[in-house]
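Inspection log for the structure reproduced underneath, given as structure tokens.
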Amino acid sequence: MVDVQFRFRDDDAVNDPAVTVSAFTEQSNATAVRVEPGDDARELLPSLDRLALVEVAFPNWTDGRGYSSARILREAGYTGELRATGDLVIDMLHHMRRCGFDAFAPEKPLNPDDAKVAFERWENVYQATAVDGRQPIWAKRHPA
Amino acid sequence: MKIVTGNDLKSGAVIWWTGVGWSLDVNQSADVADQGAKIIAREEGVQNVVGAYVIDGEKDADGVRPAHIKERIRALGPTVRPDLTLKPADPAAVNWVI
Amino acid sequence: MYKYDDYDQQMVDTRVEEFRDQVRRRLAGELTEDQFKPLRLQNGLYLQLHAYMLRVAIPYGTLNSTQMAALGDIADKYDRGYGHFTTRTNIQYNWIKLDDTPDALADLAKVEMHAIQTSGNCIRNISSDQYAGAAADEVADPRPYAELLRQWSSFHPEFLVLPRKFKIAVIASEIDRAAMRLHDIGIRLVRSDAGELGAEFHVGGGMGRTPFIAKKLRDFVPIDQMITFAEACVRVYNRYGRRDNKYKARIKILVHELGLEAYAREVDAEFAHLLTQPIEPPLAELKRIQGFFTDPPFAQETGGEVDPDDRDDPDFRLWLDRNTYPHKQPGYAIANVSLKPIGGIPGDATSDQIRLMADLAREYSFDELRVTHAQNIVFPHVKKRDLYALWQRLDAADLSTPNLDTVGDIIACPGLDYCALANARSIPVAQKISERFGSAEKQAEIGELKLKISGCINACGHHHAGHIGILGVDKKGKENYQLLLGGSEGADTSLGQITGPGFDEDGVVDATEKAIEVYLANKQGEERFLDTYRRIGMAPFKEAIYG
């Protein structure tokens, strides 16, 4: 397993071994699952409450399906660790955070200084993703 | 002959491998035989060039002529803007491309 | 015209700094080219045939004079004194240096411009009708909706690495002046019987190597759900679009392989779900944006017409009849500047021409310009009384070619003269055709004829949608050109059919001439080339060209 390099959670690290989506849906006792790009994250929705870790795999960072998987899980109320793993790049970290990822396990460790800048670079955002707790620009323009 | 072309990383200018370095002039191109991939890996690794690749060419009395029109246009410049090519004063230069 | 507030300005400024950092990491060797390429593309920076090329976004084709003038200045400061206006209503600079790019972007940011998402597998510049807000046939000005979509799509965290690029157009009239049905998503604003404004969604159009006309997905999405519906459309595409083959990765292939109904079912389910998420901007935001797009202070004089004495100038009269379009406001006209001088390079303008057009917009068109997908420039609001003065100034700068929508008004991609993907040159073909048919007499005889040239099957020159289309291919290392007839991009969108075997450069110009002769010999009444072709079919053309 690849080490988690960045984590934005206060609870204890989850080290349960992740199983595949099909193994998870057939097996009742696993608490960690690994979602590949071609997997349908919605298959996990009936059992979110027994999950402590969802790993979303990025074999190649230019395959963006994992971003939708992440948001779908968060939109459905998943609150456990959502970990991006694989070919991660500095420049996408902020966008991954916005889709609900709160842990990052890059295959090759990233320059921590560059990563810190990337996580903190964007003070404002245009869209509501509804899963990152950030107020979009349009909400700031029109305070309720 | 086999020649290597690519673009200068910083300026983007079209460049040709001379055997010891890079030149803007296609006529300076060296025959790299079967060493192209090795040269490219090394030169891209040290940030001298970007997008480098090997092509066929021919050497004659006038210089080196890439086998395909695409690289002949790379060697000269846009045929529709002679003023922006490497030979702005030579209106016949475009004939070399075609 | 939309004006940035502090938030918008901060977004583009932050992007400039982010890109400056990416370039620094690239030059320092921290990023390989493979890693850097998708990042620079997301910021419109290509590596082309001769150099880096920077594509600058012109959102929905609308510019003010200050922005236009800045585009001219950037051409001088960072490039070689000219720019190329594209079919996505953007502008491209062909000779940019990598280490200059952050500074060029910083200059752009000072005038509220950017190169964000002008390439890459993300949502691209939102395009619209070049006559938006000026034509009489719109149910609403589409630009506020395009701006709402611009903000939604800029740095959308879920949609930055889609299977392939994604193009959206928004129009608001029956007549389609923006090739809306050839977009990944085409939105037409419509009014219901009850007078409510909504969005008609079309999906899966596009050109490229497998052209498709978009299919209508929804008749009416309530306007306060438009963003949510678009989000559902793109999410379904992101999840299910093909990633195994880049030539089958556009949404048109997904819609085709899945079938419209199955795709629509997925979108409906996603839409119903997303409506439970608070992602739709409030109507107050739309209203705020609409506040920037109110009519300019038109003079209320009635009967303002072109002075009959001015009409006596035959050159002006030709331009007036060909290049102007009716305005919704009495006494005003929409004036088109053709960037297609006879024998010129379609879409190119010098820095001086760009700055002149900026000045003229300030003087004659309430500070506003538009870029069209046909690579021309529009002054949207000109007093008819001022048209002659405007024309004289344009004429002095070689910007008065009276050929809008005629055979000389050719759309052409940069082709093998500039583009690393091209198989054949496009511009020399355009130049020869415009020289052969460009005289005023020929154009008057031939009338409306949309001719479009692409230098490879990626179809940036829209050849599928030309009444006459020309496609450049590589045939054993030589340039070869196929001829297509019968394409169109308006409300009557159709895809052109190949006539038969290809030609060399002069051969395709001759074949074009023969096709035009067949039209002139068969035309009935006021028929355009396209009408005659549709009535008599391909056979007589084939016969004349190959017989």
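Keep in mind that glycine also has a Cβ here, set from the backbone N, Cα and C atoms.
Any TrEMBL annotation is an automated prediction that lacks curation.
The domain 'Nitrite/Sulfite reductase ferredoxin-like' annotation in TrEMBL covers C:52-110 (among others).
Among the features that TrEMBL reports, domain 'Nitrite/sulphite reductase 4Fe-4S' is placed at C:119-273 (among others).
Feature annotation from TrEMBL assigns domain 'Nitrite/Sulfite reductase ferredoxin-like' to C:345-397 (among others). Look at the domain 'Nitrite/Sulfite reductase ferredoxin-like' (C:345-397): DSSP puts its residues at 26 helix, 14 strand, 13 coil.
Across the domain 'Nitrite/sulphite reductase 4Fe-4S' (C:406-545), DSSP helix (H, G, I), strand (E, B) and coil residues number 57 helix, 29 strand, 54 coil. As annotated by TrEMBL, domain 'Nitrite/sulphite reductase 4Fe-4S' applies to C:406-545 (among others).
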**Report entry** Maximum Cβ pairs under 8 Å to the domain 'Nitrite/Sulfite reductase ferredoxin-like' (C:52-110) - stretch from the list C:119-273, C:345-397, C:406-545
**Finding:** C:345-397
Report summary line: the domain 'Nitrite/Sulfite reductase ferredoxin-like' (C:52-110) resolves under DSSP into 30 helix, 18 strand, 11 coil
Requested in this report: Kindly state the mean pLDDT of the domain 'Nitrite/Sulfite reductase ferredoxin-like' (C:345-397) in the predicted structure.
Outcome: 98
